[in-house]
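Take a look at the structure below.
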């Protein structure tokens with residue numbers, strides 16, 4: 001019985017020593033991150049499309065945390081701008097004119113011309129293109145962000161970016177103003 005007790009105590013001692021070493025290492029080698037950049041990154045759409053002028057969502061989040069504008073993300077749109085404005089306690093701005101509001105585009109692969117090289121699949125940051133090697137590829141329209149990153153690597157130039165037309169699901173209209181918010185000229189036009 002005493003041999004078992006010695007073994008248990010030896011293991012307990014080793015565990016305590018290893019725990020102390022790990023605890024010291026965790027405190028000593030702690031990596032400091034910017035918590036606000038992580039919160040901003042969580043709000044971005046994670047398409048990694050580069051339409052904002054940065055190579056991905058995390059660098060853009062770090063730039064926003066450093067003071068860059070919050071209105072450069074077309075895939076996120078107005079909802080992301082509003083969420084970022086609420087988080088950072090700043091006024092929301094309309095999408096930037098350079099990177100900003102463009103017609104919604106989606107990739108279209110002319111399947112008869114596709115040679116199945118898979119270069120577009122590798123370039124797509126959101127995995128919106130499906131297909132196999134030496135087989136035709138197609139785009140999952142609901143997943144495509146219109147980032148245009150799949151067009152350039154295509155060796156046979158069979159990918160086009162086409163504008164998504166307005167549908168019942170995507171159609172938007174201006175919200176009417178409350179009567180107290182109308183100015184005199186608006187009231188005259190409404191009458």
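Cβ coordinates come from backbone N, Cα and C, glycine included.
Swiss-Prot lists region 'Hydrophobic' for one of the ranges 1-26, 27-52, namely 1-26. According to Swiss-Prot, 114, 117, 120 bind [4Fe-4S] cluster 2; the candidate from 73, 147, 154 that the record adds to this site is 154. Site annotation (Swiss-Prot): [4Fe-4S] cluster 3 is bound by 144, 147, 150, and the candidate from 57, 124 recorded at this site is 124. A Cα-Cα distance of 19 Å separates residue 144 ([4Fe-4S] cluster 3 binding site) from residue 117 ([4Fe-4S] cluster 2 binding site). Nearest in space to residue 124 ([4Fe-4S] cluster 3 binding site), taking C-alpha to C-alpha distance over the binding-site residues 49, 57, 73, 114, 154, is 49. In this structure, the binding-site residues under consideration are 120, 144, and the one with the smallest number of other Cβ atoms within 10 Å of its Cβ is 144.
Scoring each of the binding-site residues (49, 73, 117) by how many neighbouring Cβ atoms lie within 10 Å, the top position goes to 73.
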